[in-house]
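*Asks:* Feature list, courtesy of TrEMBL:
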| type | residues | note |
| --- | --- | --- |
| REPEAT | 92-114 | repeat 'WD' |
| REPEAT | 123-164 | repeat 'WD' |
| REPEAT | 165-206 | repeat 'WD' |
| REPEAT | 207-248 | repeat 'WD' |
| REPEAT | 249-291 | repeat 'WD' |
Amino acid sequence: MKLHTDVCLFDDLAAIDLTFINWNLWTCGGLILLYYSDLLKSLSECIRTCSYNNQVSTSECKKVLYKVLIWETSCEILVALLVGLPRYGVYVAFSPVSDNVATASADRTAKLWNTDGTLLRTFEGHLDRLARIAFHPSGKYLGTTSFDKTWRLWDIESGAELLLQEGHSRSVYAISFHPDGSLLASCGLDSLTRVWDLRTGRSILALEGHIKPVYGVDFSPNGYHLATGSEDNTCRIWDLRKKKSLYIIPAHSKLISQVKFEPREGYYLVTASYDTTVKVWSSRDFKLIRTLSGHEARVTPLDVTGGKIFSLGKL
């Protein structure tokens, strides 16, 4: 196993520790996984997510059962094992306000769990496998995307479906909530990104420019910009006030699988790609700050928290 750590200075900012973890198996997370690597030998390319919230989630795929393991990085123990998931395509998201975890999978359902491993609720309604999910900033709602060409909004407490939104001509792949919770952005295999008003359920903006499917979308913390990453190898920065593309970054040599702003102040943007790299870009002028290398195959989702970057890849 390999561990790479870089420190990058952002002008007048304090040093930000950009930790890039590259394992000899599919996983994500923190140093704790080094201690438990013997338990994870059966991990396979079924894993599709990387999410961090003081605890680290990984997924394990076996012949019959799919498990999600949650690790507590501060005390170095396995705190939960979520059992009962299908074998393929599990995506994981942590609640921003509680100890709950949401999973989405190829069985067309999303599930809500407590981090002690208790299944709290199952969200059913999609007609095809799910792609990615995200919690609303309030933690009261869950957004899901699906290959049935829709995204849906669910009430966490009651499990009720609040919105069923059409508007994409092909599969909807990813979503992101605006920091103030009023808007949602969706992107999909139709090369289109849409911005929705959650108060009315209407699409208020269609962002066209990518020429191939869009797999990643993220609002900047100030809410003024939206980043998208595409199979056309570019990352676009959209100005939501001017309703147009502000920057086109020729970011990678292959498909961009995920984009993430640094979540507190938005000082930098991170992109992950099938070209085996993770790149860090200044959000002042969107120039390249650092290329993080180490993966020997495609890099899929990533997460950014506390000045650290967690990436997921297959060696």
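Including glycine, each Cβ sits where the backbone N, Cα and C put it.
TrEMBL annotations: computationally assigned, not manually curated.
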*Asks:* Report the mean pLDDT of the predicted model across the repeat 'WD' (207-248), rounded to a whole number.
*Replies:* 97
*Asks:* List, by number or range, the same-chain residues at least 6 past the repeat 'WD' (165-206) whose CB is under 8 A from its CB atoms?
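*Replies:* Here the qualifying positions are 128, 131-138, 143-153, 212-219, 221-223, 226, 228, 230, 238, 240, 243.
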*Asks:* Treating G and I as helix alongside H, and B as strand alongside E, what does DSSP give for the repeat 'WD' (165-206) in helix, strand and coil?
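*Replies:* Here the numbers are 0 helix, 23 strand, 19 coil.
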